[in-house]
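Asker: Below is the structure I would like to discuss, written out as structure tokens.
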Amino acid sequence: MYKILSKITLVPTLHEFVIEAPRVAKRCKAGQFIILRIHEEGERIPLTIADFDREKGTITIVFQEVGKSTKQLATLNAGDSMLDFVGPLGEASHIDNYGTVVCVAGGVGIAPVFPIARALKEAGNEVIGIMGCRCKDLIFWEDRMKDACTELRVTTDDGSYVCKGFVTDKLLDLINERGKENIAEVIAIGPVPMMRAVANLTREYGIKTIVSLNSTMVDGTGMCGCCRVTVGGEVKFACVDGPEFDAHAVDFEEMMRRGRIYKEEEQKSLEKYTNKSCTCSCGCGGAK
Amino acid sequence: MTEEKKSKKVVPTKYPMPHQDAAVRARNFEEVALGLDEETAVLEAQRCLQCKKEPCRKGCPVEVLIPDFIKLVAERDFAGAIKKLKEKNALPAVCGRVCPQENQCESYCTVGKKNEPVAIGRLERFCADWERTQGIEVPEIAPSTGKKVAIIGSGPGGLTCAADLAKLGHKVTIFEALHVAGGVLMYGIPQFRLPKEIVQAEIETLRKMGVEIEVNAVVGKFATIDELMKEEGFDAVYIGTGAGLPYFMEIPGENACGVYSANEFLTRTNLMKGYKFPEYDTPIKVGSKVAVLGGGNVAMDAARTALRLGASESWIVYRRSKEELPARHEEAEHAEEEGVKFAFLTSPVRVISNDEGWVTGMECVKYELGEPDASGRRRPIAIKGSEFIMDVDTVVVAIGQGPNPLVPKTTEGLETNKRGNIVADPATGATSKPGVYAGGDVVTGAATVILAMGAGRVAAKSMHEYLSK
Ligand SMILES: Cc1cc2nc3c(=O)[nH]c(=O)nc-3n(C[C@H](O)[C@H](O)[C@H](O)COP(=O)(O)OP(=O)(O)OC[C@H]3O[C@@H](n4cnc5c(N)ncnc54)[C@H](O)[C@@H]3O)c2cc1C
Ligand SMILES: Cc1cc2nc3c(=O)[nH]c(=O)nc-3n(C[C@H](O)[C@H](O)[C@H](O)COP(=O)(O)OP(=O)(O)OC[C@H]3O[C@@H](n4cnc5c(N)ncnc54)[C@H](O)[C@@H]3O)c2cc1C
Ligand code: SF4
Ligand code: SF4
Ligand code: FES
Ligand SMILES: [Mg+2]
């Protein structure tokens, strides 16, 4: 069992857990993820490692409530435990001294970007962070991001905080200010449409861009092929070959189509959960 | 000579195994074969001639003491029989169910020369099932040697190696990447062929023997083999990580929604209990017309699973003909009885999908059989202009699996061949790295449960010698 040491609700449907998992904390690196399972009937949920403390043996995850499993995860509190927690999975981010790098984070993507930005800064890069959310109420970890980046630019889609605009607007401003040749690399993590928009923009300018793909996963060890994505015409397994890939080579359309495979079932599962009209005979009274 | 004479008097056919009715079982996940009752088991055991030369044992990779255990069954000493079995086989409930006995022990049986062989597998299963109703006996453990062994992967090979080393007094820890132990026995072979409760009961015995099982532990990720040996003090390591990497056809359209690897299809269903969705959270989706590509046990399992998940049609699409089907005869027969259809001499060339990316069909080409190839099987040759569209909405690719590269990639000095299999001495299991042994599918490529167990046993023996030095 893996114990939750602390829980912070960052915005109403977004939570931060610090979890005791010394095996994972010992060797994990920025860019890697874990898979957890809440209970015996649960599915395997992949989440990015948002932070870690090797000494304390803890892992921080930040997750958004989107469906049954993440909603149920959100009902857990400090002191509760989950059944399974495995990692670190996936390849770590390539950290080197590139010069100036831009870390673009959208929505919940702020959490996975944070450790990458920090590692890049520690490696001597000038790290310019761009973080954006739909509105002011959804902004989180601004302080952490400020520390992790050399410079941080914040934006909201509706203009309710700092300024109005998408992260791609901010990125375009930056490219114009600095000149494309002065940006060594862009790392973008967030909703797929956002990553695709960033990829389309930087492709025009020929700036190397990395995205982290959250395709649907089961085992996360390269055994099932559920997470396969097409990158540069080749089939890759996001869980072991990635999750980070060259943004300009990713087939985002295919990835989005594959992300919708279980829409109907996910809806059904969520309805059953929120209606608590569970008909199973396990005596859970709808809790599962 | 006397054996020949006796065989004339023998009951010519195996006592039948009771099965769930095909039409009923094709729609549920309960076990297909129900097992022999005591009376029938004793009668079947009496068919054995107790041959002095024990030819049947030659066909068993772990050399089960076949005549000895069968004699005890015939004498109704079931407790004695299971004890005898376990001297050589740590997982009789599993082997009795899934061993390809027709190619192994039973193919050497004297009775089988003129009649049907003695049902060795069924008797093995009977003994193990009998024991489970009595409470499984925990084997004796030798005094501690103070040596620590790490087993990577909890498939049948890893479990056997662990059991043998634990009995010899070594401290054994199994590291398993998934959240339950058992390897393919848990995630691949379906519930209706091998109930998961049975696998877990066997694993429970291992725990009682003091074997520690750390699940959620991906070696190469949380620690490398070198770290386990240097930092965690493991004196020897056995790698039994299997052949879990699914191959795809590499044809256009293969990433369409509705195309699964057999591993994904079976893992969602078995390991994650997708067949009980939404009581269990992991979904599995099957359309109404399913094509399974391949002709092995994995393909049969996927095709039979598709029917149980509600498909109205389930097809095996295989390049060669019925004679070449690599699946166990019994499995293909069970599949056919349940309504699985076969498209022989057929191979897909592309998967067709609609605007939303969902499978709507599969273009195939017909084959004919030419001259035998290197494997001795007649080579299938595509017939020009024979393309046709198969009307399917789900495709399951079951054309084979390779070794997962994770452990070799992260272990310095571990030799692999060009297919990515770990190179290990078949006589000892020793790899190119001192103290590190390997066996099972990761060495041989996808094979069988009992061969993996045999390899685990061979490695355990030489690991014990290595540790005793
Ligand atoms: C490598 C990786 C890292 C991730 N990191 C984070 C993170 O740090 N924070 C965060 O909030 N989310 C993250 N996700 C997404 C998260 O895993 C899904 O939101 C979650 O599994 C949804 O489960 P659900 O039952 O609540 O929702 P559901 O209603 O079941 O699904 C909602 C949507 O989530 C996606 N999804 C569903 N099941 C899976 C699955 N098994 N694997 C991947 N996606 C799935 C699908 O697109 C689906 O349509 C990550 C995903 C991956 C693959
Ligand atoms: C669907 C299906 C049906 C089959 N039917 C039959 C049958 O009827 N009869 C028969 O004899 N054989 C059958 N087989 C073949 C048989 O199951 C295998 O040959 C056998 O299981 C191989 O055993 P193994 O010990 O080598 O490893 P596996 O059973 O493959 O187990 C390997 C284990 O190692 C774990 N692992 C992998 N990498 C790591 C890592 N880095 N760290 C930690 N753990 C790791 C995996 O998660 C897995 O649990 C079937 C196979 C399949 C897939
Ligand atoms: S283990 Fe398999 S091959 Fe050996 S005797 Fe039993 S059924 Fe036959
Ligand atoms: S099982 Fe067959 S070969 Fe073995 S001893 Fe009995 S009759 Fe002889
Ligand atoms: S999640 Fe199964 S191979 Fe990637
Ligand atoms: Mg879900």
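Using the three backbone atoms N, Cα and C, a Cβ is placed for every residue, glycine included.
According to TrEMBL, the protein carries these features:
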type	residues	note
BINDING	A:VAL62, A:PHE63, A:GLN64	FAD binding site
BINDING	A:CYS224, A:CYS227, A:CYS239	[2Fe-2S] cluster binding site
DOMAIN	A:1-95	domain 'FAD-binding FR-type'
Asker: Of these binding-site residues, A:VAL62, A:PHE63, A:GLN64, A:CYS227, A:CYS239, which are close to chain B by the rule of a Cβ under 8 Å away?
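Answerer: In terms of proximity to chain B, the binding-site residues that count are none, since no Cβ is under 8 Å.
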Asker: Using A:VAL62 (FAD binding site) as the reference point, find which of the binding-site residues A:CYS224, A:CYS227, A:CYS239 has the shortest Cα-to-Cα distance to it.
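Answerer: Given the candidates A:CYS224, A:CYS227, A:CYS239, the nearest one is A:CYS239.
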Asker: Out of the binding-site residues I have (A:PHE63, A:CYS224, A:CYS227), which ones have their Cβ sitting under 6 Å from ligand 1?
Answerer: A:PHE63
Asker: Please report the distance from the Cα of A:PHE63 (FAD binding site) to the Cα of A:CYS239 ([2Fe-2S] cluster binding site), rounded to the nearest angstrom.
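Answerer: Pair distance, Cα basis, whole Å: 18 Å.
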Asker: Cβ atoms within 10 Å, counted per site: which of A:VAL62, A:CYS239 has the most, among these binding-site residues?
Answerer: A:CYS239
Asker: Just to verify a number: CA distance, A:GLN64 (FAD binding site) to A:CYS224 ([2Fe-2S] cluster binding site), in angstrom, no decimals.
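Answerer: Per the Cα atoms, A:GLN64 (FAD binding site) and A:CYS224 ([2Fe-2S] cluster binding site) stand 25 Å apart.
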Asker: Starting from the Cβ centroid of A:VAL62, A:PHE63, A:GLN64, which together make up the recorded FAD site, report each further residue of the same chain whose Cβ lies within 8 Å of that point, ordered by sequence.
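Answerer: Apart from the listed residues, the neighbours are A:LEU14, A:HIS15, A:GLU16, A:LEU47, A:ILE61, A:GLU65, A:THR70, A:VAL108, A:ALA111.
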Asker: Going by DSSP, is A:PHE63 (FAD binding site) part of a helix, a strand, or coil?
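Answerer: It is in a strand.
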Asker: If you check the binding-site residues A:VAL62, A:PHE63, A:GLN64, A:CYS224, A:CYS227, A:CYS239 one by one, which have a CB less than 6 Å away from any atom of ligand 5?
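Answerer: From A:VAL62, A:PHE63, A:GLN64, A:CYS224, A:CYS227, A:CYS239, counting a Cβ under 6 Å from ligand 5 as near, the near ones are A:CYS224, A:CYS227, A:CYS239.
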Asker: According to DSSP, does A:CYS227 ([2Fe-2S] cluster binding site) sit in a helix, a strand, or coil?
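Answerer: DSSP call for A:CYS227 ([2Fe-2S] cluster binding site): coil, neither helix nor strand.
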Asker: In the domain 'FAD-binding FR-type' (A:1-95), how many residues does DSSP put in helix, strand and coil?
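Answerer: Here the numbers are 13 helix, 44 strand, 38 coil.
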Asker: Taking the centroid of the Cβ atoms of A:CYS224, A:CYS227, A:CYS239 ([2Fe-2S] cluster site), which other same-chain residues have Cβ within 8 Å of it?
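Answerer: Near the [2Fe-2S] cluster site, the remaining chain residues are A:SER215, A:MET217, A:VAL218, A:ASP219, A:GLY220, A:THR221, A:GLY222, A:MET223, A:GLY225, A:CYS226, A:ARG228, A:PHE237, A:ALA238, A:VAL240.
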Asker: Are any of the binding-site residues A:VAL62, A:PHE63, A:CYS227 near ligand 6, with a Cβ under 6 Å from it, and if so which?
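Answerer: Checked binding-site residues vs ligand 6; nothing flagged, none.
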Asker: Quick one: among the binding-site residues A:PHE63, A:GLN64, A:CYS227, which has the most Cβ atoms sitting within 10 Å of its own Cβ?
Answerer: A:CYS227
Asker: 10 Å Cβ neighbour count around A:CYS224 ([2Fe-2S] cluster binding site)?
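Answerer: If we count other Cβ atoms within 10 Å of A:CYS224 ([2Fe-2S] cluster binding site), we arrive at 27.
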